[in-house]
Amino acid sequence: MASRPTTRPDRRTFAIISHPDAGKTTLTEKLLLFGGAIRAAGEVKARGAARRARSDWMKIEQQRGISVTSSVMTFEREGLTFNLLDTPGHEDFSEDTYRTLTAVDSAVMVIDAARGIEAQTRKLFEVCRLRSVPIITFINKVDREGRSPFELIDEVADQLALDVSPMNWPIGMGGQFEGLYSLERCDVQRPSGEADRSYDGDVTATTGLDDARLDTLISAQAAAQLREDAELAGAGYAAFDEVAYQNGDLTPVFFGSALKDFGVADLIDALARFAPSPRPQPAEPAPVSPDDPAVTGFIFKVQANMNPMHRDRVAFMRLCSGKFRRGMKLNQVGTGKAIAVHSPILFFAQNRETAEEAFPGDIIGIPNHGTLRVGDTLTDGPARTITGLPNFAPEQLRRVVLKDPTKTKQLRKALDDLAEEGIIQVFYPEVGGQWIVGVVGQLQLEVLISRLEVEYKVDAMLEPSPWNTARWIAGEADVLKTFIADHRAAIATDRDGRAVFMAKDNWELSYVEERNRSLRFSATKERA
Ligand code: G4P
């Protein structure tokens, strides 16, 4: 594997984006297994289950068999450290998912060969596109009947408006699956002779598609098809271009089977060779270079009450520059508070380990009691603020109604905590006393009610609100003031005191936007 010239240990910090059932869990297990981080496949699920069983508030996860939380897994291969940030795999997902994608340098997009691109794949892809995150595509389950490779590749190109560059080609699929042909190396990987027909690592080199050996390695029909397909693919698709990939304009496409180990090693190898090392992070007043000696990082996720017995919370920090050492004092930009990081957590597979040191690209868990918020920048150098961590416009708004009105204080605290974690957004309307919560997906509402009950002992209900969407509004002070006065009933402030306009539907939103062109209505709010 190629290593890049750098004076610090190199990292590949990435996430897997996919629609539920495409095979993300299976691929994660295999990546960890190939990386030597776990002994046997199946442990990700098994450990996940054990973790869930321990955690009370996660009962929704048990009921619905899904993972609401994200975690971080680290593995090494040939001296290079990979940090895999997990994103929840359910259709409903919170801002937590989006924000995790702000902490990665690249992503692997897993697609089911029978289903192609699905709703959540596209949503997550759009978030990656906002930041030009480079994407490697893995078309999974070629050991099963799937759609034609051309159809699948064209779908990626058309629906995501990306250049595509196939790196390997499936030799048949499903019952006819005879292996993979590397378009890069011209070698053949075949299923082992055993019953489950997994890949055992055996590679047979050829001199290319004209090599007569192909006809002995695979069936005559498969060889003819492969020659025809590969020729068409070579003529029809872009050659791999590392710069275009790193700019987020081109995706290399690998076919494979996570279950049968096909394509997994090539995927890790591609991450090692092509995926970007930690890059300069957008920040004010200037981007933070990973080579900057000052330690700088930002909080992209806060997880509260991991253990319901203690009100502990862990803030996940992505390190952007400098060499972090345990016990360091970092300043929280904005408040100027000094935070001594005595017991940071590095995530190695699912085990917590105390971190002695960490480098740009690494994720550190910082236990704290609520001081650290999503979007915070921590540094031991000059004050800088990492930018680009968006809040997303909620797609569902609900009124929170307390069953016991004496619990107002507890409710306020709970809503603040959960908003801090990115589970919900909270809006305080200008008119009327009932608070509004906004979420991107239905699941977040269930999580909210369950956690209010279990963790905060607050019995609350959610009622429909007259609004369904919200936009942050900004503009010249006097124009904004007039707008707010004219639309008082639909105005609220968020936790940071920023003005928000709430609309019944997209039609109303467009209507109001159209009539107030001097104002900016934004679906995302960046924490500056
Ligand atoms: P997810 O995390 O993206 O939701 O998907 P997951 O890995 O759990 O995979 C979903 C289902 O697809 C699983 O089957 C899994 O075994 C299967 N699968 C994943 N990769 C492949 C592949 O390359 N080939 C084939 N044929 N199947 C694959 P399941 O029956 O739902 O779960 P399980 O009982 O096997 O765990």
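From the backbone N, Cα and C atoms, a Cβ is placed for every residue, glycine too.
Over in TrEMBL, the protein carries these features:
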BINDING   18-25, 86-90, 140-143  GTP binding site
DOMAIN    9-279  domain 'Tr-type G'
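With a cut-off of under 6 Å between the Cβ and any atom of ligand 1, the binding-site residues Ser18, Asp21, Lys24, Thr87 reduce to Ser18, Asp21, Lys24. Every protein chain shown contributes to the tally, and the Cβ of Thr87 (GTP binding site) ends up with 25 other Cβ atoms within 10 Å. In the three-state DSSP classification, Asp21 (GTP binding site) falls within coil.
Counting every protein chain shown, 12 other Cβ atoms lie within 10 Å of the Cβ of Asp21 (GTP binding site). Each residue in the domain 'Tr-type G' (9-279) has a pLDDT score, and their mean in this model is 85. Using a 10 Å radius centred on the Cβ of Lys24 (GTP binding site) and all shown protein chains, the other Cβ atoms total 23. All chains included, 25 other C-beta atoms sit within 10 angstroms of the C-beta of Ser18 (GTP binding site). Within 10 Å of the C-beta of Val142 (GTP binding site) we count 27 further C-beta atoms, all protein chains included.
Under DSSP, Thr87 (GTP binding site) is assigned to coil, being neither helix nor strand in the three-state scheme.
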